Amino acid sequence: GIPCGESCVFIPCITGAIGCSCKSKVCYRNHVIAAEAKTMDDHHLLCQSHEDCITKGTGNFCAPFPDQDIKYGWCFRAESEGFMLKDHLKMSITN
């Protein structure tokens, strides 16, 4: 994978450890994608409820960001929820 700020046209972003996702062919930090989103359709992992994740097919758990100004959460799959949610919260607070 490639780090945040780099192109993700051919190679995926480093996701789990760094908290980056591909948007408009560039890797961005997940909380930046969520903060700048105008609608939930701006990224396939944005959500406002667990049902949104299920409907989009991107998981079944919508994790909110600690920053209350970010109105969208991030979808995760329940089987990895404990590990991923912990990392999601840690990345959102420290970055």
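For all residues, glycine too, the Cβ spot is worked out from N, Cα and C.
Under a cutoff of 8 A between CB atoms, and with a sequence separation of 6+ in the same chain, the neighbours of CYS20 (disulfide bond) are PRO3, CYS4, CYS13, ILE14, CYS27, TYR28, ARG29, ASN30. Marked as disulfide bond by Swiss-Prot: CYS4-CYS20 (among others).
Look at Swiss-Prot and you will find CYS8-CYS22 (among others) tagged as disulfide bond, backed by sequence analysis. Every protein chain shown contributes to the tally, and the Cβ of CYS8 (disulfide bond) ends up with 20 other Cβ atoms within 10 Å.
The disulfide bond feature in Swiss-Prot is assigned to CYS13-CYS27 (among others); the stated evidence is sequence analysis.
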Including all protein chains displayed, how many Cβ atoms other than that of CYS27 (disulfide bond) lie within 10 Å of its Cβ? 23
Cβ neighbour count within 10 Å, max among the disulfide-bonded residues CYS13, CYS22, goes to CYS13
